Amino acid sequence: MKKIKKKTWFVIIAVVIVIAIAGTMGVKASQGKQDKGIAVRTAAVEKQDIEARILTSGEVLTIEKRDLLPETTGKIKEILVKKGDIVKKGQVLAVMDEKDLNYQIQQATIRLQIEKEELEKLRKDDRVALEVALSNAKIEYQDAKDAYERKKELYEADVVSKTELDTEKSNMDQKYNGYILAESRLQQSMTGKEISVKEKQIQLSQIGWEKLVQDLEKCKIKSPIDGTIIDSTVSEGEMTSENTPIMKIQDTNRLEILVNISEYDIGRIQLGQNAKITGDAFEGKEYAGTVKYIGPTALSITAGQGKETVVEVKIEVTDKDTEMKPGFTANVDILTESKKGVLVLPYEALFTKKSGETVVFVVQDGKAKEKTVLLGTQSDLVVEVISSDLHEGDPVILNPSETLKDNDPVQENKVM
């Protein structure tokens, strides 16, 4: 009995010793693991080119679209094009009935010719009369002058008195003034009152005639732009007026995409930025475009179950002869920023502190070193980081935990 008890005690003591040894080894193993630090995944800081883009979609529209309005009222005589026809600027698309206008122009032409002939007759008759008057005045002056010269000789011979000589001199002067006046009237005869009135009448008739000729030209309804006839609303023989559109024309070679840009992204959009244009309706094709218009005000539109504030932006398609058509939906990829040879990191490396400061953790000598960074250009997968403490090739921890602190020991597992 004593032997059994003694043996039992030996067993108990042995078990205790084993447990103690195992516990000691476990503690040491645990301490060793803690000394190596927590396992982390890292990616290297890279230097590369980066582009920031905004992806959106919108409707293809024509830049220029016109209603074709006749410039005068009348009956449509002939339509020279149909829906779908491609036309050039200045091409005659329809002709209005010009019969009445031609008749009016003939009348106006004859009336104008008659008035011109009447004016010419007035000028001729007036000049003849004035030429006769001038000739008579010249003869009378010459006769008075001769009489004065004879009277002067008699006066010098003491045959006539000084009074008689002065009377003859006065008569000569009067005839001379009459001659000068007749000569002046002949020179100014073209500005006579009656002739002036007739000239103004001719001016009015000329204006009326020119207006009729212009109206005749307006009977030829011409295309204001290069484009395609997309609608025709009038038939031959119908009456139309200046305010009634008879056709619609759009320039299908000059296209633009109307897109809505979120208020959060609109600050990145600038005139002249380049864009890539793709779409399901022209699969496999990619066209170039340029930002040409940014709306001056924001709009509220329905988006899903709520509202979204956006700004209208237009992208002009710079490629010609595309497969795009007005009304298509197009995908637009706008290049908003581009830089070459900058330091970049994946977004998973960023950590935002409660203070709002953005930091990353660089692995140095087995420890996590906290570095403050500023963010630059942002692409879909990586972001530009600006910091004098970062260098190309530095290993940066991905998805750092909230408990990670500066100088914490870590075990690095490189993934990039």
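Cβ atoms here come from the backbone N, Cα and C positions, even for glycine.
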**Message:** Quick check on the annotations: TrEMBL lists coiled coil for one of 51-104, 105-158. Which range is it?
**Reply:** 105-158
**Request:** Examine the ranges 237-256, 397-416 and name the one recorded by TrEMBL as region 'Disordered'.
**Result:** 397-416
**Message:** Let's see if you can do this one: DSSP helix, strand and coil counts over the domain 'YknX-like beta-barrel' (258-334), in that order.
**Reply:** 6 helix, 45 strand, 26 coil
**Item:** Contact set, same chain, for the region 'Disordered' (397-416): CB under 8 Å, 6 or more residues outside the stretch
**Value:** 35-44, 346, 348-349, 351, 360-363, 366-370
**Asked** Do you know the mean pLDDT across the domain 'YknX-like C-terminal permuted SH3-like' (342-411)?
**Response** 94
